[in-house]
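Everything on this sheet refers to the single structure shown next.
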Amino acid sequence: MKRSRRTKIVATLGPASDTPEMIEKLFHAGADVFRINMSHLAREKLPERIEVIRTIEREAKRPIGILVDLQGPKLRLGTFVGDAAVLENGQTFVLDSDPTPGDTDRVFLPHPEILSALEPSHGILIDDGKLRLIVTEVSEGRAVTRVEVGGRISNRKGVSLPHTVLPVPAMTEKDRGDLEAGLAAGADWIAVSFVQRPEDVAEVKKVAAGRALVMAKIEKPQALTRLDEIIEISDGIMVARGDLGVEMPLEQVPGVQKRITRVARRLGKPVVVATQMLESMITSPVPTRAEVSDVATAVYEGADAVMLSAESAAGDFPVEAIGTMNRIAEQVERDALYWSILMAQRSEPEPTASDAIAAAAHQIVEALSLRSIMAWTHSGSTVLRLARARPNASVIALTPKRETARRLTMAWGVHPIVTKDASDVDDMAFRAAKFAVRERFAEIGDRVIIVAGVPFGIPGATNMVRIAFVTREHAERA
């Protein structure tokens, strides 16, 4: 199945889309990768959910990516007498280590490590930023605050700390169990929530040990101070605008989105733009004009993928939301301005063999107006370098490793195919041309560019670029 767009679509599964029939509909509507949010799925149900996707994959004969999203450390308040309290602007309010129910003067914060990390002037956001406190005084097991924005506060509401580096590990015990379950069930990508530093990603990568790629979710302002380091150590990046918009001024989020996207592209890492892209489609069959522009902007910026969260997980119109996102991406990619923007954002190749080969392939594509690049790959790294340049040609990844094909479903412009490795140079060229015809990326008389490594079967050995003509024999044997 050939998609007519290069930008990929990630669909979150949930109550509105967890049946085999609905997952299949989402796939045919345009979903390339399915996200499973471990904040809302019981661990024991994960293997079953993944197997449903694999069944659809086998029937469709096209790789489907699976992203398992770890919950990460969730900070929450304790309870209140009467289940709630109302805080007034300007009043004093205390967070402490006393587990008894709170009132209008104080409440339990069941995270002693957070109380010890707070400092005067630090902000505290409660219930997605609906209430805002400023720390005025800190002592052992106690933080005194001034209420800047008050309101009703109820049991176990979430707490965000935009100015505080959280002294908590990257993974909770729940995350560790979910990670092992995801790896055992065959997840292709693992998303790490609330990343603050490169070490958070390194910890997950150490456990994953190559069994899945690791994606860092940028949703804490602290991550921006070490953004390049985090992106370098990660296999992919998600711009998680929801929590970013809570912990930093909303008007700064678009600029941050552009910055993250550009750095990820420069470093050759897939970047996903997420959160509230088509939010109104949770309850409406059509999006707002602003939402259409939001999705289009992410595509124009060159994001590898755009993601739906509640729209596909819990909305009334999950299939329509995927279809809408699909049409927006297709329309943007037909715009000549899209390609001129991508061209203006290209960066110089890194001084590596893979980058040099990718740059040469890109120049040949432009000089000869070729439609497709056929890339033989084991690890997928050269394919990602090809996609990094955003060529005006489809990148067809030919790999003997099914896990590589699935991981590449996240990458811009890549059409992955699982096939046995080439036996020699002639077999490499013939089968590449044959697949180009079979997948409708080329016709008889077209030329295709082939990127490969000799000797075959050795990861990281990409060292050859070749041009092949598509003949009638290729078409007859496709």
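Glycine residues also receive a Cβ, built from the backbone N, Cα and C atoms like all the rest.
Note that the structure is a prediction, hence the values are computed from the model and not measured.
These features come from Swiss-Prot:
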{"type": "BINDING", "residues": "Arg35, Gly242, Asp243, Thr275", "note": "substrate binding site"}
{"type": "BINDING", "residues": "Asn37, Ser39, Asp69", "note": "K(+) binding site"}
{"type": "BINDING", "residues": "Asn37, Met38, Ser39, His40, Arg76, Lys157", "note": "ATP binding site"}
{"type": "BINDING", "residues": "Glu219, Asp243", "note": "Mg(2+) binding site"}
{"type": "SITE", "residues": "Lys217", "note": "site 'Transition state stabilizer'"}
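Structural mapping of features recorded in Swiss-Prot.
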residue	record	CB count, 10 Å
Asn37	K(+) binding site	19
Met38	ATP binding site	23
Ser39	K(+) binding site	12
His40	ATP binding site	14
Asp69	K(+) binding site	27
Arg76	ATP binding site	13
Glu219	Mg(2+) binding site	25
Gly242	substrate binding site	16
Asp243	substrate binding site	22
Thr275	substrate binding site	19
Candidates Arg35, Lys157, Lys217 (recorded positions); min other-Cβ count within 10 Å returns Lys157
Whole-number Å distance separating the Cα atoms of Lys157 (ATP binding site) and Glu219 (Mg(2+) binding site) is 18
Between the C-alpha atoms of Asn37 (K(+) binding site) and Lys217 (site 'Transition state stabilizer'), the distance in angstrom, to the nearest integer, is 13
Sequence-ordered, the recorded positions among Asp69, Lys217, Glu219, Gly242, Asp243, Thr275 whose CA is within 10 A of the CA of Met38 (ATP binding site) come to Asp69
The rounded CA-CA distance in Å from Lys217 (site 'Transition state stabilizer') to His40 (ATP binding site) is 17
Among Ser39, Glu219, Gly242, i.e. the binding-site residues, the one with its Cα nearest that of Arg76 (ATP binding site) is Ser39
Asp69 (K(+) binding site), DSSP three-state class -> strand
Students should find that the Cα atoms of Glu219 (Mg(2+) binding site) and His40 (ATP binding site) sit apart, in Å rounded to an integer, by 19
Other than Arg35, Gly242, Asp243, Thr275, the chain contributes near substrate (Cβ within 8 Å of their centroid) the residues Lys217, Glu219, Met238, Ala240, Arg241, Ala274, Gln276, Met307, Ser309
